[in-house]
Amino acid sequence: MITPENVLRHELIGRNVLVVHATNPAQEGISGMIVDETKSMISILTSVGLKHVPKKHTIFRVTLPDRVQVELLGSTIIGRPEKRITMRIRK
Amino acid sequence: MGEKFRSGNGKKIARERIDILFHYARLWAGEDRKRSRSCILLARRIAMKQRIRIPKRYRRQFCSNCTIFLVPGSNSRVRIQHGKVIVTCLDCGHTMRYPVVKQHAR
């Protein structure tokens, strides 16, 4: 179960996401499904193609399976996807 | 939270993530094989990192050589020969042999 408490350690692939804020103004408002994740980048499949958004200094709004929306600070999910499970969460 | 929370939940989260990843690997197997393959690669990396096994129901669903999602009839061939199930990946030609054994009565 993906909950707002463990979303930082859980799988992001397959979740619908909206880029609320990004340092690149052209990337604000990108919405779609996350299809891939690297250490510092998230690939979003939108209706107009695949977009790559950096995690750093970006705010994502992620829709969880139970339709709860959470806002994630991209800087907190920096790290390889398999390593995020054991990651320490900083305030 | 903190230390205790981290050590207790890691393997549980890892199992859930493997479930999710194989679900999308199956979904994308037809449309985008590269994406489907990267899901399986990530699932395997998670399993290795957390030292858990890939569940039995998923273990025969991908090629152990090129980690592509196998769809019998489409990109894999399944034959029974000499008491073994022989699965051939039609992408890389790798063959996987599994013994046919009777289920032990518990």
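In case you wondered, yes, glycine gets a Cβ from its N, Cα and C as well.
Copied over from TrEMBL, here are the features:
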BINDING   B:Cys63, B:Cys66, B:Cys89, B:Cys92  Zn(2+) binding site
Counting across all protein chains shown, how many other Cβ atoms sit within 10 Å of the Cβ of B:Cys89 (Zn(2+) binding site)?
20
How many other Cβ atoms sit within 10 Å of the Cβ of B:Cys92 (Zn(2+) binding site)?
12
With the Zn(2+) site defined by B:Cys63, B:Cys66, B:Cys89, B:Cys92, which remaining residues of that chain have Cβ atoms positioned within 8 Å of the Cβ centroid?
B:Ser64, B:Asn65, B:Thr67, B:Ile68, B:Leu70, B:Asp91, B:Gly93, B:His94
